[in-house]
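First the structure, in the form of structure tokens, and then the observations on it.
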């Protein structure tokens, strides 16, 4: 056996060890790259981030690169599980650990926080997310004109609020947002900025959207995790008996699905109009434009045992003048909602999500939300 063949076989054996079959940073399956300075296996996307911090990480292809014996020894000694215990020893429960489906900014800052800043290593320093307050400037999209302008934001654990001000030295905030109503999720494509963050919150029982970014990817991710830290503090006070595992899913969440469908009105005789839809667990909201501040309307999706169902197609005799042919009918205890999708693939995807939501048991908070929703409508 030649030296190179022996090294390839050694690499394959190391890859079989527990933890090495998924990316050390985002969990993507079958990593084909490795950091020979850190001793971890990583996916192609994360390897690109590692390359941008060459003083910390030196990256090689598992299959195509030439490996030195000492590099293989380090990989064998470390590997993903051992390295994780070092660099992720003290990750706080509120800190969002991205997966391979998350956007670049989250994955890059996770990797830099771990290896470059060593925030979560044994005996890590005091974390910026836990200071109880945060005060700074973000670029915020104007509700009416669509321009991004600088706005001062202040997050307060003591008050349980996120405020923003139109002028830096303004005494009165433009909005006071209670942290327990906030959701924050990265939407770079929709906002048109790699660091674009969508913050949604409830205002008078309606969902309000604001869209922000910061030129510094570290700054925007610091804001995101600071919001989650304050939310966790608030939830621990509100639900003193709850475990971290029960509380963490109540922090920020990604939308289940977003995209365009066409819909008709309640009489189902109006023309089908194209709308942007956001499925945020049990709330299906629709907007004229993806960057609208308020939804034009929303549908509450309860449990199928309580009269909620979804069917492919439209009821026979539906006056359909839209350009999209792949129909979906959502039946609620009060009425039917009719939608059409551009492709069959899109129709199937939306229906899968609707069925998943309707199959999930409802929490007491969701029953309260349903009651409020019926009262409003």
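Every residue, even glycine, has its Cβ placed from backbone N, Cα and C.
According to TrEMBL, the protein carries these features:
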- 5-135: domain 'Arf-GAP' (DOMAIN)
- 131-232: domain 'PH' (DOMAIN)
- 254-359: domain 'PH' (DOMAIN)
* Could you tell me how many residues in the domain 'PH' (131-232) are helical, how many are strand and how many are coil under DSSP? => 23 helix, 46 strand, 33 coil
* Where does the mean pLDDT land for the domain 'Arf-GAP' (5-135)? -> 91
